């Protein structure tokens, strides 16, 4: 603002509280990252920069298998929930209202209405029976659970994108004798892609972060990164925990940064 | 109204086919959610009305013991009913801590949202990025980070010891205060985001108009700015209150067994407590409170839309 006139956007104290808030948000995370790079044997005494705890984590077979499980579950759950959510979004945003459309939307958002701990325990109780009957102990349970609570998150951006889309393009394509499937593949899908990508990314991060549901639903001996971290925490707070936390932090930040760059270049 | 009956019939046939086609598109997702979320919840409702098994699990047979145990205990000596103070304390603590978390995120979140929304457009995106990063960062990792700051041999205590302000480390962990700090820390972005969205849409010329008409700063804030920010504030409060009420990870790490919350109590009943009907009744109660808050919010939002539009 060039002239020094009275500025309505200025509220005394707001900037100070905002800066304090930002510092309070970031300082603990920075301390954690610094601790991860600490070369000392005992957490808390600084002995110079070192990557030894990252090396120790990567050298740890339990950590590696937890990381692999996490990525498999997150990829599968994100892929499945995005496909399912896209289909639902197509069903409830095009054309006129159909019978029961409101109930479809409510059911799709139902996992959001249930507290995580309740969702996890209810599923654990049911899956305990399923595990007994089938004898299957694989990652399938985790993938099913994560897919379920990722559907509403994937649904959100896809539905928003579809709602803002121009229906006449599809009509034009159909008028030019393109089939329903051809129209979907060549017109609807390309236009919808940014929404689908955002939905996928959202679902992936939500799945990667989950600890409560995972720890309840997983089979014995099975770990994802967050459940492994939670288990290690119960034992002791070591520098390796900081290193693993830092790795998870970097993973989240790079995903956010990537999606931020993608959406900004589009504008 | 179609004029001839055959056209009407074929039209409704087309409409029916359309309805069928779209329902079949929705069906896979609806099936997954029904099987993995709605059905298990139904099982929980059923379990809350059964008898507790000796080693966990439930026994067939109708019983209200699970629901009774939420509110009433049997007296150890004469078997009379007394209020279940242990549970009720935890439930009351959960509600109070969730409300206090909402209040604290409000105090820090509103000025932050205001600050971001009043930056020039070019730098605003960067500030927003700074607030979204914690939002996307693993909740467990963020809890570990804040725990590292306030634990007995953590950063804050070492700093205070080094400066000579204290002689002995402050024991801050495993208290209500620790849970409150932890939850405020992890849920703060949930308050900032919707409030920011509301302020960003605000037309500041309205505030200028109010000042031009000799409104005081406070009066303008109360009568012009606040009503327009209100939907964002309500949304943010709901977004913070709901996960805070059902929080499990943060109270577990920051509060331990001494400052337990509702979610931890439920977990306990299905673990060491071995009282599944009680755990199920506590789960259903928590879910009802959360759904109640959501419905209240949705009604309010719908009413707000009606009056604004």
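Glycine is no exception: its Cβ is also placed from the backbone N, Cα and C atoms.
Transmembrane segment is the annotation TrEMBL gives to one range among A:139-158, A:159-178, and that range is A:139-158.
Sequence-distant residue pairs (6 or more apart) of the transmembrane segment (A:139-158) and the transmembrane segment (A:12-37) include fewer than 3 whose Cβ atoms are under 8 Å, leaving the two stretches without contact. Note on the transmembrane segment (A:104-127): residues 85, 88, 91-92, 141, 145, 148-149, 151-152, 155, 212-213, 215-217 of its chain, located 6 or more positions outside it, place their CB under 8 angstroms from a CB of the stretch. Here the transmembrane segment (A:12-37) does not lie next to the transmembrane segment (A:187-208) in space: the count of CB pairs under 8 Å, restricted to residues six or more apart, is fewer than 3.
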